[in-house]
Structure formats: C-alpha cells, structure tokens
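Report on the structure given below.
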C-alpha cells in the first residue's frame, strides 16, 4: 500500500493500520502459540511471559476489532449520502480515529485482566486454571468488546449489502465495480473477526469442547494472518504491486499476463482509478 501510494484514501489508511495490528497479533496467536504448544507450557511454567504476551495479544485483538468497525463505517460513509459520515473520515480526521484505536489498545493491555496460554487446549484463557471456577478471572472488557464487534459488524455489513445492491443495481460503471471490490475486501476481513469474537466469548464463560476451542484459535489466527491473502486475491492493484516487488523485472510482464490478462488500455488506467481497486 505504501509503495503504491494508496494511502491517500482513508479506507487504505485504516487497512494499513489494521495490517500493523495484525502483524503484531500473528506474533502472539501463531508464532508464540506454536512455540508454547511444543513446549507444553501452562501458566505455572512461564507465568510472567505468558501473562505479558496474553495482555499484548488481547490488546491487539481488541484494537483490531475497533479498527474493523471503523473500516465498516468508512464503507458506509463511501456509499451513504450522509455528509456527517463523510466528514468523519475526511482528510486527517481519520488519524484521530486511529489514535483512539491505539489508546484502546493501551487500555486493554495495561488496565484489564490478561490472558494466559494453556497447551492442553492450544489456546489462550483468562482463567489460568482450566476447569476451576473462572469468575475471578473474567475480563469484562474483552467480552463486551467481542459482543459489540460481532453485532455491530454484522449490522453494518447487512446495511452495506442492501445499500450496495440498490446503489449499483443499475450501474455498470467502473466506479461501481471498484466499490464492490473494496466492499468485498472489507467484508471478508471483518467476517473472520466476527467468527473469532463469537467463539472466544463462549469459550471464556462456558466449558467448550476442544474442537470448538481449536476453531476459535484458528479463527483468531486467520483474522490476523489471512488479511494479506484477501488483499492479494481480491485487490488487483496490490497484487500487481507485490509482483513488481518480488518478481525479477524481465519476468514481470509474463506473470501479469498469466494472472490477469488485460488489454493495454486497461493496464494503462489512471492512477486515480487504480487506487480504488
């Protein structure tokens, strides 16, 4: 996004910040989770390390949820006639919203109950003693965060589906197709977050079967690690940019032709069109 000068769009500013949060989350929910699972770690073996990483991972997750709601609202602003919504994301105001997300991350990390890893379930729990009374270890903020993000995101994207359908029903313009592409990207990113949110709330308050815990953990991992796959699959501009960065120059044209055969006119579309795809 940085190389392709896409950050002039408020949508891509939010996506870029979300990507930074996701890379931080991957360190906890994938790399360190795998390491601790191999080691057979539980709270008693590495209490300080597990609580520190649990606090950081939970904070990144909550900030990611907040940012996903911003992303959904940004899509609403793009398709809505509301001048208020458009004004919120106009210009540098989006940086203030992202700053709020950063403050939220710090609040969750330092002022709420941290999670701890349990290798028996290969997942993270606020109750370090699985099977024991858990009310003393409840993180209410995490639960409220998950419930809000699940319901809010579901509602916003239901609204967006209706709005996009009626707005582009009679439109075959390129702008309509670009809006659909950005909507699909945003929808897929937030859908995985909603799945992880629902499961993690359930498994913190009830005795879930092990398979559900595994699904919840995988959903959390996908919410952070699958974003790049979504970008590369759905977003042609980012895909072409990555190819230009990684593939030797003499093979670039050949690769582009195989992945997305286009006419010369479409390859030479304007930069203002490209930054929307």
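The backbone N, Cα and C atoms fix where each Cβ goes, and this holds for glycine too.
Marked as transmembrane segment by TrEMBL: 12-38 (among others).
The annotation transmembrane segment is assigned in TrEMBL to 50-73 (among others).
Taken from TrEMBL, the feature transmembrane segment applies to 94-117 (among others).
According to TrEMBL, the feature transmembrane segment maps to 137-162 (among others).
Taken from TrEMBL, the feature transmembrane segment covers 182-205 (among others).
Annotation source TrEMBL lists transmembrane segment at 211-234 (among others).
Between the transmembrane segment (94-117) and the transmembrane segment (211-234), fewer than three CB pairs separated by 6 or more residues in sequence fall under 8 Å, so the two stretches do not touch. Through the fold, the transmembrane segment (50-73) approaches residues 11, 14-15, 17-18, 21-22, 24-25, 28-29, 32, 36, 41, 43, 85, 88-89, 97-98, 100-102, 104-106, 108-110, 112, 114-117, 124, 128, 139, 141-142, 145-146, 148-149, 152-153, 156-157, 160, 186, 189-190, 193, 196-197, 220, 223-224 of its own chain, all at least 6 residues removed from its boundaries and within a Cβ separation under 8 Å.
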